[in-house]
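Colleague: Got a structure for you, questions after.
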Amino acid sequence: MIYYVIALFVIAIDQISKWLIVKNMELGTSIPIIDNVLYITSHRNRGAAWGILENKMWFFYIITVVFVVFIVFYMKKYAKTDKLLGISLGLILGGAIGNFIDRVFRQEVVDFIHVYIFSYNYPVFNIADSALCIGVVLIIIQTLLEGKKAKE
């Protein structure tokens with residue numbers, strides 16, 4: 001299925017980008033891309049977003065495995081008839097596995113995309129995080145559109 005190819009693409013880009021950061025940047029260093037907006041910053045995270053649940057790797061292992069099984073089941077059941085859902089789940093699956101690989105092999109997640117939004121220093125993130133968020137946003141949009149159609 002094409003949706004698994006999307007997941008594999010996300011995993012590949014995520015892992016290659018993280019490898020490049022680890023091999024070429026010292027931890028904590030930053031390269032400005034757009035001053036005061038976008039930086040490439042070598043950062044490590046031993047928790048989830050904003051560092052919550054730091055050093056709780058077993059929790060993340062269990063949750064991720066359960067989550068991945070659920071996503072694969074859901075993809076097999078519903079993605080055949082719903083392309084947007086399939087794309088969304090492919091992005092989510094790739095993102096979940098990308099960060100899982102880091103947790104298993106590094107005991108931390110490599111983050112490097114550093115954004116300032118209206119002077120707010122947003123937590124550093126990575127390609128897997130982006131894919132997860134985009135997938136979730138697409139599902140929310142689809143749900144809202146379906147709700148609107150049902151009302152008509």
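Keep in mind that glycine also has a Cβ here, set from the backbone N, Cα and C atoms.
What you are looking at is a predicted structure, and each value in this text was computed from that prediction instead of being measured.
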Colleague: Any idea which of 22-42, 85-105 is down as transmembrane segment in Swiss-Prot?
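Modeller: Result: 85-105 is the stretch Swiss-Prot calls transmembrane segment.
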Colleague: Excluding the flanking five residues on each side, which residues at least 6 beyond the ends of the transmembrane segment (55-75) place their CB within less than 8 Å of a CB in that stretch?
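Modeller: Same-chain contacts beyond the flanks: 1, 3-4, 46-48, 86, 89-90, 92-93, 96-97, 99-100, 103-104, 107.
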